[in-house]
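Straight from Swiss-Prot, the features:
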| type | residues | note |
| --- | --- | --- |
| TOPO_DOM | 21-729 | topological domain 'Extracellular' |
| CARBOHYD | Asn46 | N-linked glycosylation site |
| CARBOHYD | Asn93 | N-linked glycosylation site |
| CARBOHYD | Asn134 | N-linked glycosylation site |
| CARBOHYD | Asn158 | N-linked glycosylation site |
| CARBOHYD | Asn292 | N-linked glycosylation site |
| REPEAT | 304-327 | repeat 'LRR 10' |
| CARBOHYD | Asn337 | N-linked glycosylation site |
| CARBOHYD | Asn344 | N-linked glycosylation site |
| CARBOHYD | Asn353 | N-linked glycosylation site |
| CARBOHYD | Asn379 | N-linked glycosylation site |
| CARBOHYD | Asn410 | N-linked glycosylation site |
| REPEAT | 420-443 | repeat 'LRR 15' |
| CARBOHYD | Asn619 | N-linked glycosylation site |
| CARBOHYD | Asn635 | N-linked glycosylation site |
Amino acid sequence: MSNLRLRLLSLVSILYCIAALRCRPDQTETIKRFKNEFAFSSICRNDTNFFSGVVCDNTTGAVTVLELPGGCLRGTLRPNSSLFELSHLRYLNLSFNNFDSSPLSSAFGQLNNLEVLLLSSNGFTGQVPSSIRNLTKLTQLNLPHNKLTGDLPSLVQNLTKLLALDLSYNQFSGTIPSSFFTMPFLSYLDLSENHLTGSFEISNSSSKLENLNLGNNHFETEIIDPVLRLVNLRYLSLSFLNTSHPIDLSIFSPLQSLTHLDLHGNSLTLTSVYSDIDFPKNMEILLLSGCNISEFPRFLKSLKKLWYLDLSSNRIKGNVPDWIWSLPLLVSLDLSNNSFTGFNGSLDHVLANSSVQVLDIALNSFKGSFPNPPVSIINLSAWNNSFTGDIPLSVCNRTSLDVLDLSYNNFTGSIPPCMGNFTIVNLRKNKLEGNIPDEFYSGALTQTLDVGYNQLTGELPRSLLNCSFIRFLSVDHNRINDSFPLWLKALPNLKVLTLRSNSFHGPMSPPDDQSSLAFPKLQILEISHNRFTGSLPTNYFANWSVKSLKMYDEERLYMGDYSSDRFVYEDTLDLQYKGLYMEQGKVLTFYSAIDFSGNKLEGEIPESIGLLKTLIALNLSNNSFTGHIPMSFANVTELESLDLSGNKLSGEIPQELGRLSYLAYIDVSDNQLTGKIPQGTQIIGQPKSSFEGNSGLCGLPLEESCLREDAPSTQEPEEEEEEILEWRAAAIGYGPGVLFGLAIGHVVALYKPGWFIKNNGQNRLRGIRHP
């Protein structure tokens, strides 16, 4: 692949080098007309940003390069688009724009000077037009991640200069044309993630193919034999072939240039796995995940150039052999989701001298003490095992260690004092004791600290204020005795704070009782089942970021998503949602929740709750709140789950709650509410238990009928109505994101949180990432 990359990079460099800064007026006008055909994201509305991807020839002034930033264009790409008037284009990249399920236009065939055409992730539908054959100068054609259908086109018939062809992640069907393997210069071919079937023929070994990906198709017959004739292959992916016969690993011995082999999701013959077979000695990356292997493969011992090995999701049991740590170049090793119980060799030295930097041994049955980790370790995941004893202090000497996940084990003793050295620390669900070390140094890089479900005592360490990058802090289900950590609002990036089931106590409002809580970025605050007391000021929620969250405020889709090389980590947390308390993973970045339940809070629910426009879940149950349910709840338009049960609330339920279209769960039981239950569709569908324990309530879903069915709501006096209007006016002034919040509600309504139980392991996306 390196030669191919160099050639393509050289082409782009040449195109830019021969370009002038100025284009002919008619070309500039054509580009502007093309721009005006689409809706734009804010980053692309500026002409300077848009034209930064336009390059013109220094002699003719014609546009030769058009490379638009991903996500700028949104709309239909029509056959008469101004784009197709740019007949001198040599390089066109429109990837990652949204063309709204447009068909791939035959007008692309008019751009017959194109050498590079990149149309990845555009939403194109239908078949590839035959006019693509007119682009005889193409060296690279990328059409992946679209919705293209039909048989694989014979478009390559005239494209004799192609170096790279990527048709992956589409809906192509039928067989692979043999002409794909006779192209004189084709070095890269990716047909993965389609619906291809049947077999294909390769007449000779003259093909220049070095990179071939046929994974995740529906081949029903043998396709490996013809592939073995491609003797120049360096990269080969045959994952999830769905063939009826197991694969014999020894058949790959003719491919001596092979450095990368992906067979995950296939069945392998037992003899080839457990024998000293002849295997390509230049192998660097070998992916055998989910291959039904039950013993550690012996042939791996001879692969001295191997640097990435994936044996995850197999049935391997017993001890990890000590020779695996002696492979001189091994950097990434994934043994997760097997049945390993231990390690051969001394725990002090067996791993310590290894070159491994990324190690995943999660979801196994390891027991006993934890071995000293490799000296160069960067990412270490050992969650969901049965390790016991102390966490080895040697982790503090691993200066490269970035991610440490030892959660769901049986570790005892204290937390090592070096947690501020790491980006991710997850020690959840162990038996750790003592205080959380107060040794987070200035400039600590910690982003996630999860020590929930242990036996920790003392106070929250004030040195956490040095962790300016921290996003996720969870100390739930411990024995921490402290006041409400209002001082944490000085952390500029804190998004999730979980204090559930400890001995936190005292008031939650600031000392002057006037200021708002004002965490700058907090989205999830879970402080239930503590001993908090006092009341909340009216403006308590006035300055929270939850009021204006947008769906794509960040690049990450999931909260706490951390990726490094081949390692993926996502934060998980326990939340009560729609009446269920479960562990939640894959939390979308715009998800927001507040849980104050099970405390001793009193007074009225602050009217400022109505400012939290994008709040999705709110639980204030089992406190001593009094007064009316604020009518400002009607402004929390994204609310899906509301629990106010077990308080002393009085008056009527605001009829406006019946118009909250996403409210799928409401519980106001065991209060002192009166009057008619709102009759919105969402509320009528609730069980009657959600309204029981209020002697004055009537109407569906309760059996008590109301005497005056048409009586309007009169719970709020005129002065309070004026106050609510003031809150609504304040909400308008609190940010332009309010209207956009209504739009993302449609996505929120479809979003189902990733509920799962930890022991189910396979749903938790942690471990070494497939290339």
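Quick reminder: no glycine exception, Cβ is built from N, Cα and C everywhere.
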(message) So, three-state DSSP: helix, strand or coil for Asn635 (N-linked glycosylation site)?
(response) helix
(message) If we skip the immediate neighbours and take only residues 6+ beyond the ends of the repeat 'LRR 10' (304-327), which ones have a Cβ under 8 Å from one of its Cβ atoms?
(response) 259, 264, 281-297, 333-345, 350-351, 353-356, 360-361, 365, 374, 566, 762, 767-768, 770-771
(message) Using only C-alpha positions, which one of Asn134, Asn158, Asn410 is spatially nearest Asn93 (N-linked glycosylation site)? These are the glycosylation sites in the record.
(response) Asn134
(message) Would you identify which of the glycosylation sites Asn93, Asn134, Asn379 has the most other C-beta atoms lying within 10 angstroms of its C-beta?
(response) Asn379
(request) Please classify the secondary structure at Asn292 (N-linked glycosylation site) using three-state DSSP. (result) coil
(request) Express the predicted model's confidence over the repeat 'LRR 10' (304-327) as a mean pLDDT, rounded to an integer. (result) 97
(request) Taking helix as H, G and I and strand as E and B in DSSP, count the residues of the repeat 'LRR 10' (304-327) in helix, strand and coil. (result) 5 helix, 7 strand, 12 coil
(message) Can you tell me whether DSSP puts Asn353 (N-linked glycosylation site) in helix, strand or coil?
(response) coil
(request) Round to the nearest Å and give the CA-to-CA distance linking Asn337 (N-linked glycosylation site) with Asn292 (N-linked glycosylation site). (result) 12
(request) Quick one: among the glycosylation sites Asn337, Asn344, Asn353, Asn410, which has the most Cβ atoms sitting within 10 Å of its own Cβ? (result) Asn337
